[in-house]
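Swiss-Prot annotations:
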- Asp57, Gly118, Thr119, Ile120, His121, Asp122, Thr140, Ala141, Pro142, Ser143, Ser149: NAD(+) binding site (BINDING)
- Asp145, Asp192, His276: substrate binding site (BINDING)
- Asp192, His272, His292: Ni(2+) binding site (BINDING)
Amino acid sequence: MNDLISYVKKTLGACECGTVHHPLTVEKIAIGDNAVEQELPAFVKSASYKKAAVIYDETTGRLAGKRIASLLEETAETVPVLLEANEAGDVTADEQTLVSALIGVPIDADVLIAAGAGTIHDIVRFCAYQRGIPFISVPTAPSVDGFTSAGAPLILKGKKQTVQTTAPIALFADLELLCQAPQNMVAAGFGDMLGKVTSLADWEISRLLAGEPYCPAASRLTREALDQCLDRKDDIAAKMRDGIEKLMESLILSGLVMLVLDHSRPASGGEHHLSHYLEMKALENNKRQVLHGAKVGCSAIMLTDIYRSLIGASLGDQHAEQAIRSVYEKLPDGKKMAEWMRRIGGPVSFKELDVEEELVREALAYAHQLRDRYTGLKIINQYGLLPGLLGKGPGVKGVKM
């Protein structure tokens, strides 16, 4: 995976699945030691950008934002845009923050630079889309797979919604900086990738039972990204250079696949719906946010056991029962996934995240309504299996939260 852009173009360009594949608009990806220092100024100069708004929060400003401004001193004028935290201490991609960021970007800026992790990138990609100018990605932690995608999960009127905006024109990932990321941020990135276990199964189920568009090549690329993380989990856990490089490559590859498809289907299923629901509830109650990848990882660990427990369930629909067996019997069990996540230093249950059991039950009942997607999460509600899962009625076995 030395040249991710060419690899994705070649693999998906040869695909004959019949679904729409969009052009890959990311021009450059640089992952390596001193990638920002050595390659960002040259890229800005070659593109003839004159005025860059560098967007960051208090923490990422110290880590990268101010350094970027210094690096570009002789190349372009830079304007800092500091994102403020809310009362709970989080920077969130809600209306207030989005408008504040847009106001902070000078009208004559011709490029934006996102210096941060997932939320900052979502805010910047929205601003770039609204202003009609490109943005450059400078990740400060290997924590999410959305760096190179066009989808921006935003909080609009208190509800989590993914808005298709724009992908970065380029990404520069400094391995020295990424290796210094806190362990919980690294574990969050691994958790976001672990979510592909259930999201890929959900995509296949939706193909079989709901006739949703499906691309085998995109599924295969996402699976490769997941497998690469699993193969290097010990190196990732130790934050070794090669391990962090492979984690970052995997996150970027997943994002590029989403970009070409113009949707997040291979990377986001029931586990993301649960995560988004819990995030919305935290905002409602003015609570500090839990890292996205931590919630996704815990959701995937729980859902894989739920999905496996559906095998053999009597649904009164032979086709659905056969599809469930063919897809879900290939899933690893939650105990094995928890071992992987624990090795990286991440949480394996919602109890560890201080999420109340009753809220998890509520999420299992309602999170599938957030997106019009067919998932195993929707199946358990469609066929009335949730009470049995929660030990409150007949049906499949209970599940550990």
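Glycine is no exception: its Cβ is also placed from the backbone N, Cα and C atoms.
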*Find the shortest Cα-Cα separation between Thr119 (NAD(+) binding site) and the binding-site residues Asp145, Asp192, His272, His292, and name the residue that gives it.*
His292
*Should any of the binding-site residues His121, Thr140, Pro142, Ser149, His292 have a Cα within 10 Å of the Cα of His276 (substrate binding site), which are they?*
His292
_All-chain count of other Cβ atoms within 10 Å of Asp145 (substrate binding site)_ = 30
_In whole Å, how far does the CA atom of His121 (NAD(+) binding site) lie from that of Asp192 (substrate binding site)?_
16
*Expressed to the nearest Å, what is the distance separating Asp57 (NAD(+) binding site) and His272 (Ni(2+) binding site) at their Cα atoms?*
25
*Would you say which of the binding-site residues His121, His272 has the most Cβ atoms within 10 Å of its own Cβ?*
His272
_Spatial neighbours of Thr140 (NAD(+) binding site) among the binding-site residues Asp192, His272, His292, defined as Cα within 10 A: which are they?_
none
*From the Cα of His292 (Ni(2+) binding site) across to the Cα of Asp145 (substrate binding site), what is the distance in angstrom?*
10
*Could you check the binding-site residues Asp57, Asp192 and say which one's CB has the most other CB atoms within 10 Å?*
Asp192
*Determine, to the nearest whole angstrom, how far the Cα atom of Asp192 (substrate binding site) is from the Cα atom of His292 (Ni(2+) binding site).*
8
*asked:* Distance check, please: Cα of His292 (Ni(2+) binding site) against Cα of Pro142 (NAD(+) binding site), rounded to an integer number of angstrom.
replied: 12
*Tell me the Cβ neighbour count for Pro142 (NAD(+) binding site), meaning other Cβ atoms within 10 Å of its Cβ, over all protein chains shown.*
34
